[in-house]
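According to TrEMBL:
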DOMAIN    19-387  domain 'Cation/H+ exchanger transmembrane'
TRANSMEM  31-50  transmembrane segment
TRANSMEM  56-73  transmembrane segment
TRANSMEM  85-110  transmembrane segment
TRANSMEM  116-135  transmembrane segment
TRANSMEM  147-172  transmembrane segment
TRANSMEM  184-206  transmembrane segment
TRANSMEM  226-252  transmembrane segment
TRANSMEM  272-292  transmembrane segment
TRANSMEM  299-324  transmembrane segment
TRANSMEM  363-386  transmembrane segment
Amino acid sequence: MEEYKFLLDIAIILAMTKSFSLVSKKFNMPPVVGALIAGIILGPVVLNVVSPSDSVLNLAEVGVVVLMFQAGLETDIDELKKSGIPAFVIALCGVLIPLIMGAVLSVIYGNNIMESIFIGVILTATSVSITVEALQDMGHLKGRVGTAILGAAIIDDILGIVLLSIMTSLGGASGFHIQAILKILIQMAAFFAISIIGGVGIKKFFEWLSTYKNPEIERHRRRVPVFALAFCLALAFLAEVFGIADITGAYLAGIILCRLPERFYIYNKIEVLSYMLITPVFFASIGLNVNIHGMTQTLIIFTIILCVIAVISKIAGCGFGALLCKYTKRESVQIGAGMVCRGEVALIVAQKGISVGLLSEVFFAPVVIMVLVTTLLSPIILKMLFAK
């Protein structure tokens, strides 16, 4: 009977995450907050009724891959072209400043250089879904600031994925060595080359399906999302074979397919699977792995400083980048505030860091708390700045 307990665990996770997501929406908070809190309540911190079994963790890993695939599919290449150089400068500054500040904080607390840099990498992440919602409510999404935030967020994601790929490829190495970095760059180049060749092939296949006039073939279009998901999972596996994070492969799969005419059809079909099963399990698994009982006074202070740095570094970094691109001081601060929210991206990066030994489990709870704080603060800060 014990081997089937995971079915009950998943049933409890689905019911709790969706219930708490509804509650969080009632308080104008994003559903991810409710799902995280549900996982924390179910885990060792409160009730301890669900444990992160292999079945739950494997399903959560699929959830991570699918989430990143969806992020890739949502990438608007036209928006990226329209944003141009300003978006790149804002994103670059918004990555470098949090990376440096996070790494310095970690070094001060006595961590090794690899773990310190990885904590900095976690702080580079940006999740603008909450920002988009807030800007939409205020009618500023299509304005100068909103366009800059959207463009910078796309580039921020790409830069973050590159940094994550380099760090996870280094894995347990004691530091940066020329040979190790050269090997990683060759592996990444080979992976991207194979991925692009495979991507061209699958895009041709999808184009053939969409243009072929035979009714029998047309009926098979509904299988396009299945082929797309298979391509995503295969590329995620291939990334791991080349020593790169699987989520890099998943994100790249989404980027490759994001210009297809069936892009939204693929996204909507996969969203059903994601919403109903695998994404709730992923966010709950994050909460299940949080254990605040062992947090010392030193770690609590670290968490508070991490939250402060998470907010200040993005506002300062992206704001400085915006100033360089001739935005006004007010617009620059608004752009920086719009990039503060870390959301699911930071959680995915942190979890990947633990799995490859780059991040100690003791720092997982501070990261989750930082994500919750920035997710809650981001829309509040934005509304205050736009109200002035």
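For all residues, glycine too, the Cβ spot is worked out from N, Cα and C.
In TrEMBL, annotation is done automatically, which means it is predicted and not curated.
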Which of 85-110, 116-135, 226-252, 299-324 contacts the transmembrane segment (363-386) most, counting Cβ pairs under 8 Å:
299-324
Under a Cβ pair cut-off of under 8 Å, which of the recorded stretches 56-73, 184-206, 299-324 contacts the transmembrane segment (85-110) most often?
299-324
Run the contact check on the transmembrane segment (272-292) against the transmembrane segment (56-73): 3 or more C-beta pairs under 8 Å, excluding pairs closer than 6 in sequence.
yes
Do any residues of this chain, six or more beyond the ends of the transmembrane segment (299-324), have a C-beta under 8 angstroms from a C-beta of it, and if so which?
86, 89-98, 101-102, 105, 109, 119, 123, 126, 148, 152, 331-333, 335-340, 342, 362, 365-367, 369-370, 373-374, 377, 381
